[in-house]
Amino acid sequence: MSALSNSRFLKMNGLGNEITVLDLRGSPHRVSAAEARAIAADPRSRFDQLMVLHDPVTPGTDAYMRIYNTDGSESGACGNGTRCVAWAMTADPVMRRAGDGDLVLETKAGLLPVERMSDRVFTVDMGPPRLEWNEIPLRDPVADTRAITLDTHLPEAPELRNPSAVSMGNPHVVFWVSDATAYDLAAIGPVLEHDPALPERGNISFAQVTSPEHILLRVWERGAGATRACGSAACAALVAAARKGLTGRKAVVSLPGGDLVIEWRASDGHVLMTGPTELEHEGILSPALFAGAA
Ligand SMILES: N[C@@H](CCC[C@H](N)C(=O)O)C(=O)O
């Protein structure tokens, strides 16, 4: 029987980005890729990202998070999921942490301080963007990641050339388009996600800058597919747009699920993401889910 059998979970969302939160603090168990896929396969616990809480690693932090995509792969960042975890750790009667003060979460990519702005709205300090080719990572050295070249050539879509690349703790490629809704994400997304120039695959965004304070964004997520919102992609798009002089350092990023406010803070270069969370229901993971999942 899996150590996860009968574990309580929260099904949440951040702007429609489907998030399941599982609390393994106090347990040595590490969710396997097969277990993550099994949890995603059940409609009650279905997720774009599974956020798993573990005991803190760095002194002064509240929890260490592992982040799983629908396909079982792991990521270093999930903006919408981080806000959901912040809600769970401050408001859920079971997952609520002891004590008050600033909430600081940690992933394999670094520390994420979180501020509660209102009942369900949180600002996450997503840290500084990583902009060097080997930090993203890209296969080939490039001096300026504001305009990169992928191997994929789409002659039917001449706009899809020279995207920007940014890491927010996970790899993002941002294409600059005149109409963010014009592309068939389900057809193009998987091809671009797996482009050989992206050794760890990529989260793929189509960004339409409508003013210096506003970006329309659609995202094909690595390991999860088309989602209604992606917080780290919104951060990556704002950083890339500001670097290209298309926007200022603060903008509203509109996704199919709603709006995020993103600021690339001048004082320390950190990216702040503000947006809502929603609790849908709680549940218990059935032992039957894990039959055959190692
Ligand atoms: N939805 C997330 C990003 C999820 C991680 C991504 N699919 C990856 O593999 O890097 C967000 O809100 O940032």
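Even glycines carry a Cβ here, placed using N, Cα and C.
TrEMBL entries are annotated by machine, without manual review.
The substrate site recorded in TrEMBL comprises ASN17, GLN49, ASN69, GLY79, ASN80, ASN170, GLU221, ARG222, GLY231, SER232 together with one of ASN6, ASN203, namely ASN203. Over all protein chains present, the Cβ of ARG222 (substrate binding site) has 25 other Cβ atoms lying within 10 Å. Cβ proximity to the substrate site centre (mean Cβ of ASN17, GLN49, ASN69, GLY79, ASN80, ASN170, ASN203, GLU221, ARG222, GLY231, SER232, cutoff 8 Å) flags the following additional same-chain residues: ASP48, ILE67, SER75, ALA77, CYS78, GLY81, VAL219, ALA224, THR227, CYS230, ALA233. When secondary structure is read from DSSP and collapsed to three states, ARG222 (substrate binding site) falls in the coil class.
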